[in-house]
Amino acid sequence: MKFPVLILNFKAYAEAAGRRAVEIAKAAERVAKELGVNIAVAPNHLELALVAQSVEIPVYAQGVDVESPGAHTAHVALGNLKEAGAAGVILNHSEAPLRLNELARYVGKARELGLDVVVCAPDPTTSLAAAALGPHAVAVEPPELIGTGRAVSRYKPETVVQTVQLVAKHFADVAVITGAGIESGEDVEAALRLGTRGVLLASAAVKAKDHYQKIMELAKPLLK
């Protein structure tokens with residue numbers, strides 16, 4: 001996994017359904033190539049294979065609930081995500097929380113499959129526990145700020161700084177990124193100044209009227 005990175009989570013937004021997911025992913029890819037920065041996209045499971053076939057930038061799954069392919073009706077298996085073209089997986093988002101034993105299994109299996117692994121956590125202490133599982137990155141996201149436009153880098157900078165310091169002290173090989181309420185390039189720049197190695201965001205990019213221009217704004221701070 002390359003850093004610094006901008007990860008765009010499409011969630012299940014109507015604005016990123018079907019071919020629209022490909023359009024946003026291609027806008028992200030265009031920005032990544034023009035600036036020479038790292039951008040990954042996380043489309044809904046329904047669009048993951050289509051997006052992965054359409055772009056060269058990393059495509060991440062938004063989550064998983066089964067380790068291996070098999071008789072698991074209506075479930076998503078890590079092995080199948082790999083076959084669909086996923087380069088990585090986001091785990092334990094506040095909108096899709098996992099039990100610790102599940103999280104530990106999924107992190108281990110994803111690493112075994114060669115997938116990038118990003119584990120979300122709400123606070124510094126939980127981030128440290130997540131880092132102990134061995135993901136490539138921990139994304140600290142206070143859930144009360146997600147989708148509010150109140151950027152964690154401005155409204156809870158102490159949470160970000162504490163997480164960066166705590167994880168660096170005990171698990172220096174695990175990167176810390178952040179998210180929640182990120183709306184602008186200034187928010188991204190502030191997050192990087194706090195010591196993070198990237199940002200995870202959703203609505204600011206997905207719901208933008210001009211995806212290319214918005215992603216360009218959000219990605220430019222990665223150059224500094």
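Cβ atoms are placed via backbone N, Cα and C, with glycine included.
Site annotation for substrate in Swiss-Prot covers Asn9, Phe10, Lys11, Ile146, Ala202, Ser203, and the matching candidate from Gly36, Gly114, Gly181 is Gly181. Restricting the recorded positions Asn9, Lys11, His93, Gly181, Ala202, Ser203 to those with a CA within 10 Å of the CA of Glu141 (active site, proton acceptor) leaves His93, Gly181, listed by sequence position.
Of all residue pairs in Asn9, Phe10, Lys11, Ile146, Gly181, Ala202, Ser203, the annotated binders of substrate, the farthest apart have Cα atoms separated by 14 Å. Remark: His93 (active site, electrophile) has Asn9, Gln62, Gly63, Cys120, Glu141 as non-local neighbours, by Cβ distance under 8 Å and separation of at least 6 in sequence. Lys11 (substrate binding site) falls within neither a helix nor a strand when secondary structure is assigned with DSSP, and so counts as coil.
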